[in-house]
Amino acid sequence: MHGLLLAAAGLLSLPLHVIAHPQPSTNLAGRGVDLDAYRMADRSSYMNSDDMKLKQPGIASLSGGNYVDTATEVVKRMMPGMTFRMVDDHYVGESGISHVYFRQTMHGMDIDNSDFNVNIGKDGKVLSFGHSFYTGPAPDKAPVEKRDFSDPMKAFHGACKALSLPINADKATVQTMNEHEVMFMGTSGAMSDPQGKLCYMAKEDGTLALTWRVETDMGDNWLLSYVDAKETEKVHNVVDYVSHATYQVYRRALSPDPTEGKRESIENPWNLKTSPFTWISDGKTNYTTTRGNNAIAQANFDGGEDYLNNHRPNNKNLKFEYPYAPNMSPKSYIDASVTQLFYSANMVHDLYYMLGFTEKAGNFQVNNHGQGGKGNDFVILNAQDGSGTNNANFATPPDGKPGRMRVYIWTKAKPARDSSFEAGTVIHEYTHGLSNRLTGGPANAGCLNGMESGGMGEGWGDFFATAIRLKPNDNRNANYVHGEWVNNSPKGNRMYPYSTSLQTNPLVYTSCNKYNEVHAIGTVWGSMLYEVLWNLIDKHGKNDGPTPVFENGVPKDGKYLAMKLVMDGMAIQPCKPTFVQARDAIIDADMNLTKGSNRCEIWKAFAKRGLGVGAKYDPKNRTGNKGLPKDCQ
């Protein structure tokens, strides 16, 4: 393959900025429906490795044989008499942890929000597990036997009416896909044919509801609406897969924005260990445009769905070098914008791959070249997307379906600014894909839709963006603001800068009691992870290079070690985790990776901001605590 020359602005050094959604909103794109009112409760439990040894020694001592069999035995022992199925997405992660996922069933149908995940450590023993299984009364008969449910078309119309979805279904028909699953054919207004699935849903009041799960991809929202199967005007809950917020490019470790770097031409910037086909091939076809195995980038001025036929830069000599200056009008530099977005997303793909987000973990690639997982799911990157302004978002469907990033023009400055050039936006959005695929397993992309779990989704995006943004001379006194360039404001779009100073950033766990919005809650979580980051850097040093250096599978420096442990924690934690459970998962990740050598540094970071050993979750009245385990005092 010919060499590739990109004019790039630098990804991993871009100071990150952004948080998707500068103006926090969960309204259904332009239709005034508040999706927060339909969020599922965070109802999972998690037994960490320490508690399991004390409370479930029989489970903790299980080992030997096939890790799938061991995990299945855990579920049988913990949930005797209950029925369940294993989800076909189990895998052994790069840190040696085996992740196995189960879905509870009732009368042969899924309870769609009842999950069980088991983590087997690299020593072959059960590391931890989490679950949200339903333990209330069971219906005496299968609804299919009684035919005690509505026609799926009524449920589809019920979802459209309740959520004001602009879908025309006057001539729609129902096509049966398999038992309990249908497709609604002949509609218009959605980006693909809507689908329906008959399933149970565990309600907050401890009862079960029989529902039609109606899936509608509306572009800025990709919804799973749980419509009551009898009273089809009632929608119980809604999951949204969309998280709102030689190339001549800005290069410096992903330069944060055009004020912190200069554009330069970079030849063949890919890593063949993480992108063996390069960035401009999928192993079958070699491209001369911004398309490859990991991503496809293009302009999307009208905000539509037909990305394949949209404009993208093309050069038979693979020289993607185009003019750009912040004082130019956005459309005049669209080729530079698409090139920068393509570069940044691919750089993130390669870095996250090194840290463990591989094919079997559910990453985004067309061709998985026999490494596990489901392919055909690169990231669709829409530059200067016309469906909105002053924002960006990322849609994360289950493994095997493409992710979709929409990057908008920001109108807070004149001329307007293109967030393709702010790497923080791209990293933040791509990290939504990471956290949604890892939490609960690659086949379950709806595990971060609760208020606290959704907030952590925003916080992880900020954390990775900030960690990547760190400069060589930074120390723990460095403060970082998100979104200052696109927002045209030194305050950015967060309540406080990320800082280890409680005077500069006073957020603690109980601050979440005041907030009922995911970006605010996410800033609390991101602030805690920033403390973890600097505690580990102070202990292990900081690698300022664009990629980690490993020793026996462990990053040698504190920055990349923190990123690795946080990423491993995502895969360990249960579906719809709380702060407490996610904290425990990170500590368990360190136990597996380093035998717990960083346990106290991690505990001290969380305890500083009120998530110590006595912290307790209650959605309306969280209890903060700064206590440490005895061995860390």
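Cβ atoms here come from the backbone N, Cα and C positions, even for glycine.
Because the structure is a prediction, the values reported are computed rather than measured.
Screening Asn487, Asn592 against Swiss-Prot annotations picks out Asn592 (annotated as N-linked glycosylation site). Feature annotation from Swiss-Prot across Asn286, Asn327 places N-linked glycosylation site at Asn286. Candidate recorded positions: His428, Glu429, His432. Nearest to Asn592 (N-linked glycosylation site) by Cα distance: His432. In this view, the densest Cβ surroundings among the glycosylation sites Asn286, Asn592, Asn621 belong to Asn592, judged by other Cβ atoms lying within 10 Å. Taking the Cβ of Glu429 (active site) as centre and 10 Å as the limit, one finds 32 other Cβ atoms among all the protein chains shown. With respect to Cβ neighbours within 10 Å, the binding-site residues His428, His432 differ, and His432 shows the lowest count.
When the Cα atoms are compared, His432 (Zn(2+) binding site) and Asn286 (N-linked glycosylation site) turn out to be 29 Å apart.
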